[in-house]
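Asker: Once you've had a glance at the structure underneath, I'll fire off some questions.
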Amino acid sequence: MEYGKITENRFLLLMIPAILAFIIALIPTLKYPWPLSWDIHYHVHLAKLYLEQGIIFWDPLTYAPFGRPIFYPPLFHYILAASAAVFKVDPFQISRYLQPIFAFFMVLSFTFVTSKLYNLRVALLAGFFLFFSVLFHRAILPLPETMALILFPMAIYLYYLALRGNRAKFAILGGILSGLMMLTHNLTGLIMLGVVLLFTLALKLRNERVDYKVLGFFMGFTLMVAAIWWLPLIIHYGFIFHNPQMVILGPVGYLGILNKTMGVPALIFVFLWVVSMINDELNKDYVEKWHNRLSRGDILIIIWALFPLILSNAYLLGFSILIDRILNFAVFPVMIIAALGLEYIYSNKKPAYQKAYKVIIALLIISSLFSAVFCALSLKPMVTDSQRDLAQWFADNGDGKGVVMSLTEGLDPVIVSISRQPVSTGGYQPGMVKVLDRNLYYSGNFTKEDCMRDNIEYFVVQSPIVHHSYFTMVYQNKDYKVWQVNI
């Protein structure tokens, strides 16, 4: 497709959405001295644990006094730890600096792969549609999932290239990236592998030639890279994963999450693309069936979109899943389909359509940037000053041995990441092995012997609790009190 002079700066144009994402992500990064999200405290805790103890598989500070295996893949934490060591900067600040970098590379990875599968214009349109989605919000968060999502499009595209040219080198490179995803965020890696396998199956069902050596190289290198960490962990501790609590939604609730995840503009143009496909099928006399007229790129994008969309409805069968997190994996292909829907208007050469196309493009760019900036302005660290002050008190006064029993949900990752004081929970509940009887302590019907048995030295509370004779209040701020157990 000829673009005239626009092709002279093709890569620079391709970078426009990514550069805008970087600039927009700078807003909360420069506004706040702490990284965004609550989850980052658990990840910083693990980064500090690796700095303190090297490469280990056991976390003694969370779910204390028992501890637990580290079932969370380590690559993101290794990068945090290594960066903190090299630059002599606290891991929290490294996380904060990663926010605009992650936003830039996620958008660039997506638009680059889209440009290779289709063309520059579709890539740019898809990039601007992305600003309406929840995934752009997550792109700014310094989390392992964000890092894995940067690798996601590249791994799939390398496999696509390998199948197209029967080139083992692309399959090997894709497998390495896939393995790195499994070492970063295993759910993202598993979804990607599902897309790869279903794409291969779809090509076979279309009677296309598929070299299974390519799939073998891809899967083999995925397993080899992933096994570097997962194999010794499983050999020593097995594998435990507690499913999230089941959520039951009706059609309205599900559509609400879908709308929030994808953004209304993208869904409108996805609908237009579907209508255009049906219209072409009804009004044109094709000898081939519709699915045989789709390109390999089309097949890949459709499967990539449908797999997580269908999987997100598994709750209807009684499976416990996080619907919004599964839907996030459909955002990339849905944005591409939305861009193809807009391309349908461009393909009609009538003057009215061409005029409408230009107006829609202008509205898309302006409104998407407003949406992205509004998102960035609304983001803020989820941890309050009171919570950080509380954690800092433990850093200054704790002994690093006694367990902190927080009677306020969610405080433990903050306390352990800042103070290194053992806590009774600590984040990433799916990896929990054994936990104290928190209901006993919530009820107040515990004894001194219970505290001694469980090695509890501190209670953190917001509301009043029963003051046992062996309790001493050692810290208080406007939201929290710390009671020390004198044993």
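From the backbone N, Cα and C atoms, a Cβ is placed for every residue, glycine too.
Pulled these from TrEMBL:
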TRANSMEM  12-30  transmembrane segment
TRANSMEM  94-112  transmembrane segment
TRANSMEM  118-136  transmembrane segment
TRANSMEM  143-162  transmembrane segment
TRANSMEM  182-203  transmembrane segment
TRANSMEM  215-240  transmembrane segment
TRANSMEM  252-278  transmembrane segment
TRANSMEM  299-323  transmembrane segment
TRANSMEM  329-347  transmembrane segment
TRANSMEM  359-379  transmembrane segment
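I'm curious about the neighbourhood of these features; can you describe it?
Answerer: For the transmembrane segment (12-30), same-chain residues at least 6 beyond its ends with a Cβ under 8 Å from one of its own Cβ atoms are 6, 36, 96-97, 99-108, 111-112, 115, 120, 123-124, 127-128, 130-131, 136, 139-140, 369, 372-373, 375-377, 379-380.
Within the chain carrying the transmembrane segment (118-136), a Cβ under 8 angstroms from the stretch's Cβ atoms is held by residues 1, 3, 6-7, 10, 13-14, 16-18, 20-21, 103, 106-107, 110-112, 149, 260-266, 269, 297, 324, 328, 331-332, 335-336, 338-340, 342-343, 346, 361, 364-365, 367-369, 371-372, 375, all 6 or more beyond its ends.
Long-range contacts of the transmembrane segment (252-278) within the same chain, counting only residues at least 6 positions beyond its ends with a Cβ under 8 Å from a Cβ of the stretch, are 129, 132-135, 290, 312-313, 323-324, 327-328, 330-331, 334-335, 337-342, 344-345, 364, 367-368, 371.
Remote same-chain partners of the transmembrane segment (299-323), defined as residues 6 or more beyond its termini with a Cβ less than 8 Å from a stretch Cβ, comprise 117, 156, 160, 191, 194-195, 198-199, 202-203, 206, 243-249, 254, 257, 329-330, 332-334, 336-337.
The list of residues near the transmembrane segment (329-347) in space but at least 6 beyond its ends in sequence, with Cβ under 8 angstroms from a Cβ of it, reads 110, 114, 117-118, 121-123, 125-127, 129-130, 133-135, 152-153, 188, 191, 261-262, 265-274, 276, 301-302, 304-305, 307-309, 312, 353-354, 356-357, 360-361, 364.
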